[in-house]
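Engineer: Per Swiss-Prot, the features are:
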type     : residues                                : note
ACT_SITE : Tyr183                                  : active site, proton acceptor
BINDING  : 41-67, 92-93, 119-121, 183-187, 218-222 : NADP(+) binding site
BINDING  : Ser170                                  : substrate binding site
CARBOHYD : Asn162                                  : N-linked glycosylation site
CARBOHYD : Asn207                                  : N-linked glycosylation site
TOPO_DOM : 1-7                                     : topological domain 'Cytoplasmic'
TOPO_DOM : 25-292                                  : topological domain 'Lumenal'
TRANSMEM : 8-24                                    : transmembrane segment
Amino acid sequence: MAVMKNYLLPILVLFLAYYYYSTNEEFRPEMLQGKKVIVTGASKGIGREMAYHLSKMGAHVVLTARSEEGLQKVVSRCLELGAASAHYIAGTMEDMTFAEQFIVKAGKLMGGLDMLILNHITQTSLSLFHDDIHSVRRVMEVNFLSYVVMSTAALPMLKQSNGSIAVISSLAGKMTQPMIAPYSASKFALDGFFSTIRTELYITKVNVSITLCVLGLIDTETAMKEISGIINAQASPKEECALEIIKGTALRKSEVYYDKSPLTPILLGNPGRKIMEFFSLRYYNKDMFVSN
């Protein structure tokens, strides 16, 4: 009976809550109406499609990417689609000063922030890893460190709005695959960092959600070009993928899986890890968790 009370019952409650809240909430487009949203990597691919979906829902958007020409076209289309407002600031996420200042400027343009969608990556080629340490450093800085910088800069505004962060990751951040070692390392790092921050926000009663979006192969132009002749797999549509990211983030889900296989969230969702994380909190001195 003691085992049931101390271990099995909490596990049952945890999983019932997890599956109930992850399957029974309904998304409504009006959830995004008037919301102030940042989308990075927004000049093409999934980022561009998210900007278009958000605009149709009546959100304010500030977009960023390296291509000013691409951003101009996307912003123009966003306004046509019904965005409450649409702006862009071009720059590279290799520059951490730009990454931080962009958040500040975007917040001023919109008068606050409700949702931060971190979607950008640096381009890499599929190849076996040998000794290119410079490539590893560059990928980690853009794909991981800039995410940390931007979310840190955005957190004060998100605390005021009880907002949300979407972190765009990949199956490569949940499982190992050949020829993408630096990219995979950056995506595993996102999971480790932002899942920890999610727990800390929960413990300190800060009402900011973090949604880790785990994506399979998506039919973006860049991805299709990179895998040509190397990987033979069917890609999922970027338009639907973008919408699922927005839905999951608006519903404040911890994780969103978007892949061709319905088994992916079951196989990679890692319930054992969630159980371990749940019980590990019992050993902490709760007085140490004081929100600033």
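Quick reminder: no glycine exception, Cβ is built from N, Cα and C everywhere.
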Engineer: Provide, as an integer number of angstrom, the distance between the C-alpha atoms of Lys187 (NADP(+) binding site) and Ser170 (substrate binding site).
Structural biologist: 7
Engineer: If we count other C-beta atoms within 10 Å, could you say which of the binding-site residues Gly41, Gly47 has the fewest?
Structural biologist: Gly41
Engineer: Round to the nearest Å and give the CA-to-CA distance linking Ala59 (NADP(+) binding site) with Tyr183 (active site, proton acceptor).
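Structural biologist: Checking the Cα atoms of Ala59 (NADP(+) binding site) and Tyr183 (active site, proton acceptor) gives a distance of 31 Å.
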Engineer: Round to the nearest Å and give the CA-to-CA distance linking Asn162 (N-linked glycosylation site) with His53 (NADP(+) binding site).
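Structural biologist: For Asn162 (N-linked glycosylation site) versus His53 (NADP(+) binding site), the Cα atoms are 22 Å apart.
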Engineer: Radius 10 Å, atoms counted are CB only; among the binding-site residues His53, Ala59, Ser170, which position scores highest?
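Structural biologist: Answer returned by the neighbour count: Ala59.
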Engineer: I'm trying to understand the geometry here, so how far is the Cα atom of His53 (NADP(+) binding site) from the Cα atom of Ser170 (substrate binding site), in Å to the nearest whole number?
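Structural biologist: Given the Cα positions, His53 (NADP(+) binding site) is 21 Å from Ser170 (substrate binding site).
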Engineer: When the Cα of Ser170 (substrate binding site) is compared with the Cα of each of the recorded positions Gly47, His120, Asn207, which one is closest?
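Structural biologist: Looking at Cα distances from Ser170 (substrate binding site), the smallest one goes to His120.
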Engineer: What binding-site residues in the list Gly47, Ala65, His120 lie within 10 angstroms of Asn207 (N-linked glycosylation site), counting C-alpha atoms?
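Structural biologist: Candidates kept after distance check: none.
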Engineer: Give the distance between the Cα atoms of Ala65 (NADP(+) binding site) and the residue listed as 'active site, proton acceptor', rounded to the nearest whole Å.
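Structural biologist: Cα of Ala65 (NADP(+) binding site) to Cα of the residue listed as 'active site, proton acceptor' measures 19 Å after rounding.
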